[in-house]
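Data block below; observations after.
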Amino acid sequence: MDQQKVNLLNYNYSQLRELLIAWDEKPFRAQQLFQWIHQVGIRDFAQMTNLGKVLRNKLSQLACIDLPEIVACQKSADGTHKWLLKLECGNCIETVFIPEANRGTLCVSSQVGCALNCSFCSTAKQGFNRNLSTAEIIGQVWLAARELSDNNGTHDKKITNVVMMGMGEPLLNFDNVVSAMNIMMDDLAYGLSKRRVTLSTSGVLPEMERLREVSPVALAVSLHAPTDELRNELVPINKKYPLSQLISLCKRYFKDEPRRKVTFEYVMLKGVNDQPEHASQLIKLLHNVPAKVNLIPFNPFPLTQYQRSSRETIDAFRDKLMKHGINTITRKTRGDDIDAACGQLAGEVKDKTSRSQRWQKLHFMSKTDKSTELTISSEEIA
């Protein structure tokens, strides 16, 4: 990218309006430009015919619409798409699209790698490099919309849902993720409703509180264990933010919208967290929580120590939760033949750091930059 030019994908509508005013342009031009970029899917300013030649020339001199580069695309036997996207820094991230009869869900990454080191997740094994910019996050949506369009041009409505469940912990890239989600929900851009944009977090409590105040999106929590002892092993951030604090926040997260529920994701690991006593502990943990539970069959990756629970074990676990009034769904595994399923996204991370260094890096970034700190079925985000 030309360092002298501004990447317009980093701007939401109000920011774009302010930018054009600063460039001595009429404010209404922002709506036209915003729609050209996100609704129509045009990058070439010369093709934005209603902007006027003078403005088009100015945009060519001052601005750009830079995107990650698609370096590989795989399509699963079940129709799932996975794109490997190369960033300007040379790192790669992955984005996944899951088609279903009445909707299409895009799984979007928020970081290059991940710092949280969940033991059952392939992304964690890649180390952590950096946060994605707003442009790199919304660029995944832009590219997927283009690739999925019938004529490989005008953006259509094949993407009906977006889940921030790709590589990284979204809440450790708070400002950029919220900015990108706001663009997703803008009627002048992608027009997704608040119930069709879901953020999945491992439980970064201060940022969960912030998110609750500033964004109406759906919330999913990567729970995966019913006790602190087990969750400390599977999801190490639990040592900092234990279950008692996490569940307390989840109980009141949608207090002003009593019909909305927090989704709890629970990967089923053979002999680890899938026994009847674990189900009983989970029932007790979620008592009086407005919750639904997604049971996720574990998706293996190279050198993992874990195995997937049997179908019979998963069904028995689900039935026990349902018997006690907890709405529970077993997630259908999609894209596992191309390593696009939940927990399998890895990308390609350069300059990988150790676990302790990752935390130090995030801690430093959070002090200096406010912006620091998979597959899914149709029933899960309705």
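The first residue you see is number 1, and the count goes up from there.
Backbone N, Cα and C define each Cβ position, glycine as well.
Around the Cβ of GLU94 (active site, proton acceptor), a 10 Å sphere holds 25 further Cβ atoms from the protein chains shown. For GLU94, the entry in Swiss-Prot reads active site, proton acceptor.
The active site, S-methylcysteine intermediate feature in Swiss-Prot is assigned to CYS342.
Mapped onto three states, the DSSP output places CYS118 ([4Fe-4S] cluster binding site) in coil. Within 10 Å of the C-beta of CYS118 ([4Fe-4S] cluster binding site) we count 22 further C-beta atoms, all protein chains included. Positions annotated as [4Fe-4S] cluster binding site by Swiss-Prot: CYS114, CYS118, CYS121.
In the three-state DSSP scheme, HIS224 (S-adenosyl-L-methionine binding site) is classed as coil. According to Swiss-Prot, the feature S-adenosyl-L-methionine binding site maps to GLY168, GLU169, SER200, SER222, LEU223, HIS224, ASN299, an assignment based on sequence analysis.
The Cβ neighbour count for CYS107 (disulfide bond), using a 10 Å radius over every protein chain in view, is 31. Residues or ranges marked as disulfide bond by Swiss-Prot: CYS107-CYS342.
Marked as domain 'Radical SAM core' by Swiss-Prot on the basis of sequence analysis: 100-336.
Around GLY168 (S-adenosyl-L-methionine binding site), taking its Cβ as the centre, 29 other Cβ atoms fall within 10 Å, counting all chains.
All protein chains considered, the CB of SER222 (S-adenosyl-L-methionine binding site) has 27 other CB atoms within 10 Å. Counted within 10 Å of its Cβ, the other Cβ atoms near CYS121 ([4Fe-4S] cluster binding site) come to 26, all protein chains included. The maximum pairwise C-alpha distance among GLY168, GLU169, SER200, SER222, LEU223, HIS224, ASN299, the residues recorded as binding S-adenosyl-L-methionine, is 19 Å.
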